[in-house]
Amino acid sequence: MNAIRRNGLGLVAWLAGVVFFLPIAWMALTSFHSEEDAATNPPSFAAALTLDGYREFFGAGGGASPWPSLINSAVASVASTLLVLLLALPAAYALSIRPVKKWTDVLFFFLSTKMLPVVAGLLPIYLFAKNTDLLDNIWLLVVLYTSMNLPIAVWMMQSFLAEVPVAVIEAARVDGAKLPVILARVVAPIALPGIAATSLICFIFSWNELLFARVLTGVVAETAPVFLTGFITSQGLFLAKVCAASLVISLPVLAAGFAAQDKLVQGLSLGAVK
Amino acid sequence: MTATTTAPVAAPDVRTPARRPSPRLRAWATRAPLLPALVFMIAVTQLPFVATLVISFFDWNSLYPDARSFTGLANYGEVLSDADLRKSVWTTVLLTVAVVLASLILGLALALLLDRRFRGRGLVRTLLIAPFLVVPVAAALLWKHVLYNPEYGLLNGLLHYVGGPQPDWISDTPLLAVEASLVWQWTPFMMLILLAGLQSRDQQQIEAARVDGASDWQIFRHLTLPHLRRYLELGALLGSIYIVQNFDAVFTLTSGGLGTANLPYTVYQSFYQAHENGLASAAGVLVVIGSIIIATFALRVVSSLFREEVSRA
């Protein structure tokens, strides 16, 4: 009886997993179908496979090439993640290993900025960009994405650095080790996996962002999500192409997300859950 | 934690003071690594909000820049009395509550299923996380064109097999269509937080209850649920903060039409398309006030979990 119930619930879990994954699986399958096979009712599950959808997406049919937007997204995500690390690492150090007075208050200040909605500052940022010729400039997005991710990064890194035992650092200091040596030999090995996960999560959020990119970029600095919005009002036969596009553009996020799986909860809950 | 680290700061005072910098200098040396991040955050997030606040008191359409004038609270009056804007406030509330509740309940069910041992658990977990890792615009496009399309979408395709009706999902039930796509994306998020909560339960306590003859339901009702309460709160509050701000799904699925325009979309539209800077700012400030109410509770939950972690460490 118990065994049947256990297996039964396992089966339910499998079923739920399949149902949730079905839209993605269907998207992947459709991306390899021809446009004619993609738009049938009932759906053609066993239609012949082709790479035409991907060729179309990458501009074979004369449409706009997605490469500039992919490169823009990569620049914005990677550069802002590096900037986040540069600012968050010292800050996290001053909030954990050698904490300032009232360090919890500072930590909560960072968190509260994350709760300020994007639309709260969108208009002044737009007006500022317009008056300083920064509209359609990818580096403006780099700065904004850094501010978007910095609170998350500070929280996560604070919790990772706090795991470094203070006694070990003290021992190294007593032995005459200088700060850079302590950071490289004692702190880094313990905190590195956490720092890597933090970077991946920052990368995901920057890559996904639409509102800032939509308002502040146009032709030159268009990012991948903005490129995707071009499909919103598409008509006619384009399903295979839109599936290929969605999949290719989601691929970096899926890869980063699965790589950071274990630390994902901690990042998403701003370090509150371990 | 604080006690152990402040002790060595006080200790070196016994050494020769001449070689040591003054306490004030040392306090600044401790603060220095923090300053770049703090200054950056204040400059990029707080200053624009102050500007929004100021603009919200002006009658300012960017197409007529010369007609800009101070109007006090008139924009707020207009925002609150404008039928469309009031409706978008209501839409925002409805959208947020529905998505958060549905994904929380589904997430709890999935977390409970995944908390058990069964063959292929890791793979199922990966399958369940995947929807959260699709770029939001891509997910919205997937639902709009590939699933919801009335002629060749997968939903109607599957309904076709069982001889069901062929509804036009987005036109017939626009808000529900947006909500379903968001629930699909946010359920994994809730599941992850609740699963972490389930796995931090005191297993010995549960064993003891079982030995004493407690049923599965009693254990769930009296041990698991009280323990999960704060994780449920955390999921609900963080989910609310993200979904109140949702722009991608509304923009992609319905372009704010059919009564699905929420506040972020309305703010976007009123300055990006209607060029009403003053009105957009007033609406933006209202979003902030709403968020502050949620955030106050959120901060309280995070801080109680946080203090627990610190005291346990």
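Indices start at 1 and increase along the chain as displayed.
For all residues, glycine too, the Cβ spot is worked out from N, Cα and C.
These numbers come from a predicted model, not from an experiment.
Residues or ranges marked as region 'Disordered' by TrEMBL: B:1-22.
Summarising the annotation, TrEMBL assigns compositional bias 'Low complexity' to B:1-15.
Under the heading transmembrane segment, TrEMBL lists B:34-58 (among others).
Cβ atoms under 8 Å from those of the transmembrane segment (B:89-114) belong to residues 121, 124-125, 128, 175, 178-179, 182-183, 186-191, 193-195, 197-198, 228, 232, 235-236, 239-240, 243-244, 246, 250, 259-264, 286-287, 290 of the same chain, restricted to positions at least 6 beyond its ends. Annotated transmembrane segment per TrEMBL: B:89-114 (among others), in sequence order.
Marked as domain 'ABC transmembrane type-1' by TrEMBL: B:89-298.
Annotation source TrEMBL lists transmembrane segment at B:126-146 (among others). Residues 110, 114, 153-154, 170, 177, 180-181, 184-189, 191-192, 248-249, 251-253 of the same chain, all 6+ positions outside the transmembrane segment (B:126-146), place their C-beta atoms under 8 angstroms from a C-beta of that stretch.
The feature transmembrane segment is assigned by TrEMBL to B:175-198 (among others). Tertiary neighbourhood of the transmembrane segment (B:175-198): same-chain residues 91, 94-95, 98-100, 102-104, 106-108, 110-112, 114-115, 128-132, 134, 136, 139-140, 143, 148, 169, 224, 227-228, 230-232, 234-235, 238-239, 242-243, 246, 249-250, 253-254, 258-260, selected by CB-CB distance under 8 Å and a gap of 6+ residues from either end.
If you look at the transmembrane segment (B:231-258), the same-chain residues 6 or more away from its ends with a CB under 8 A from one of its CBs are 92, 95-96, 99-100, 103-104, 107-108, 136-137, 139-141, 143-144, 148, 170-171, 174-175, 177-178, 181-182, 186, 189-190, 193-194, 196-197, 264-266, 268-269, 287, 290-291, 294-295, 297-298, 301-302, 305. Among the features that TrEMBL reports, transmembrane segment is placed at B:231-258 (among others).
Packing against the transmembrane segment (B:278-302) from elsewhere in the chain are residues 49, 52-53, 55-61, 71, 75-76, 78-79, 85, 89, 92, 230, 233-234, 237-238, 240-241, 244-245, 263-264, 266-267, 270-271: each is 6 or more residues past its ends and has a CB under 8 Å from a CB in it. Under the heading transmembrane segment, TrEMBL lists B:278-302 (among others).
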